[in-house]
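S.K.: This is the structure, below, for whatever I ask next.
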Amino acid sequence: MTTPQKPWKKSVGLRLLDGGFAVLGLTLSGLVVLTSPMAGPEAVGFVAIPVIAIINFLRVFREGATARMNALATTLIMSAFLFLITPWLSVMGTVVSRGRAAIYSGFFTHDMRITPPKSALDMGGIKHAIIGTVIMVLLASIISVPLGILSGVYVTEIRGRFTGLVRFITQAMSGVPSIVAGLFVYSTFVLFFESYSGIAGAISLAILMIPTVARTSEEVLKLVSEDLRFAGYALGSTQSRNVFKVVLPTVRSGLVTSAVLGVARVAGETAPLLMTAQYFIASKTNPFDGPIASLPTYIFNMFQTGNRNSVDRAWGAALVLLGLVFVLFTFARVVTSARRRR
């Protein structure tokens, strides 16, 4: 059997040549920066882009206009990628470097009940904030995931007279600022019961989760083949039975992904929780029993204290929160990839 050819694929020699020219460009850029008033890695990157573009252009100058345009486009695309990923790497590096100082063996098993924010970093922890975050996100998921999935089912499967209205409301809710959701729950729930609470925080998070779950569920349900639906109807299945026994099981992993994305969307929200759940220094498991802590409000309060140790604690909690969101997004990608392979 003849092996298929891939003329567009670069050989190892060409890849090494490209890498060598990239190193040459960075070296020349570094020399330019060293001999000029500019300083820092940002300056090197700023100078390296045009230098590498010129080097690549000259390297393929004799190969024709197509090769020259390809070299220029490749340089611009790679430069755009570096510009996009640099802020993310900067944020990650800052959080890790500043947050690791606060991480110790008891950071996840102690709360701040008997530990002032200004105390040494080997005292206190974020146990109460983790418990509060888990409780409120879990309650928000219980509220929003069924509503979001049912909204997607109504728009894609039922297609009733209110389909346009439901889609419009979902899209409008996607643009609602988080503080507005918190203000709404504060004015209707907190003031009515005259108390901040974990359930109020969960409701505000649910308002923010519903659009994400609904829109993702709608897109996932659109991927179900019409032939599969018609096959169910041909066997005498009712619409409701067809939806719950055929359509939803087919996209089960996609619906799980929509729920995970919804959780990741609200895991770091601070404004609505400040207006509904506030902050408490001790661990609580009852969401109806007054204010309750969460990772975002813990970070806010530690930064607000302004002491060096409290700021380090805030960075440590930020590192944990960032890791949590990263795990959730990674899980969503893994589930989505597994579904696509099947």
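Here the Cβ of each residue, glycine as well, is placed from N, Cα and C on the backbone.
Automatic prediction, not curation, is the source of TrEMBL annotations.
Pasting the relevant annotations from TrEMBL:
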- 130-332: domain 'ABC transmembrane type-1' (DOMAIN)
- 12-33: transmembrane segment (TRANSMEM)
- 39-58: transmembrane segment (TRANSMEM)
- 70-89: transmembrane segment (TRANSMEM)
- 129-156: transmembrane segment (TRANSMEM)
- 168-189: transmembrane segment (TRANSMEM)
- 314-335: transmembrane segment (TRANSMEM)
S.K.: Sequence-remote contacts (6 or more beyond its ends) of the transmembrane segment (168-189), Cβ cut-off under 8 Å?
M.R.: 151, 200-201, 203-204, 207-208, 210-212, 214-215, 218, 269-276
S.K.: Same chain only, please: residues at least 6 beyond the ends of the transmembrane segment (129-156) with a C-beta under 8 Å from a C-beta of the stretch. Say none if there are none.
M.R.: 108, 111, 162-163, 166-167, 170, 198-199, 201-203, 205-207, 209-218, 220-222, 243, 247-248, 255, 258-259, 262-263, 266-267, 273, 277, 280, 283-285, 287, 292-298, 317, 320
